[in-house]
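Annotation source TrEMBL lists transmembrane segment at 6-29, 41-60, 66-87, 118-143, 149-168, 180-202.
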Amino acid sequence: MNWNFYLNFLAAIVAIVNPVAIVPMWSELTQDVSTQVKTRLAWLTIGVSVIMLVMFLLAGKYILQFFSIDLVVFKVAGGILLLLTGIRMIDGQNVKMGSQELEEGSALYIAKMKFRQIFVPMVIPFIVGPGSITTLILFGGGLNNWTDSILLTVVLVFTLFLLLLSLMSSSWLDKRIDPLVFTAISRLFGIIVTAIAIQFILEGLGSAFPTWINGASPLIEENGTVTEAGNNI
């Protein structure tokens with residue numbers, strides 16, 4: 001049993017999902033609902049994410065092949081969705097529910113309605129995004145037997161359990177941190193999310209058009225010598 005393989009997977013998926021960095025966005029998107037609704041919403045978000053991520057871990061390569069979708073295209077699409085989210089965070093815009101829905105519905109009903117509104121960007125592409133899907137497909141391609149599949153699935157579920165704890169702790173943080181501080185943090189992470197989104201887009205376009213995006217690719221005629229991005233050939 002190759003424990004390094006599982007530890008590398010754990011490190012990679014934790015780094016990409018990032019249970020700490022996701023809290024400001026979660027707080028921004030759920031600030032208009034009660035703690036009880038937030039708890040149910042967190043379970044819904046993580047539950048759906050677990051199903052989608054396990055599916056990509058075990059059969060991601062075949063899913064993309066079936067729909068003839070290239071990871072490059074997925075990365076660009078996810079980057080665009082993430083970019084829109086980052087811009088909304090910077091502008092202080094968040095998805096809010098109507099006052100009548102908040103007053104009349106049960107906690108579970110409100111959580112389901114809210115989940116529909118924040119599915120994008122909370123689940124896709126922030127949790128189930130280009131980075132996590134690429135990682136799952138790469139590690140999933142190295143599975144040789146059912147034991148490996150089960151152990152990687154356990155590691156993945158454990159990571160999302162950490163994410164669940166992180167989301168549920170946001171209510172505790174909301175009560176102890178001044179709203180102005182959270183607003184400032186949200187704007188800051190909006191800039192970070194926007195930067196990550198642009199990076200996704202550029203990486204996707206760079207893979208599709210390497211000579212256009214990558215400044216190191218085009219051949220340059222310089223003093224009669226052909227060079228590639230400053231490297232003499």
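Using N, Cα and C of the backbone, Cβ positions are placed for all residues, glycine too.
Just going by CB pairs under 8 A, the stretch in 6-29, 66-87, 118-143, 180-202 that sits most against the transmembrane segment (41-60) is 118-143. Counted as Cβ pairs under 8 Å, contacts with the transmembrane segment (149-168) are highest for 6-29 among 6-29, 66-87, 118-143, 180-202. The largest share of C-beta pairs under 8 angstroms with the transmembrane segment (180-202) comes from 66-87, of the ranges 6-29, 66-87, 118-143.
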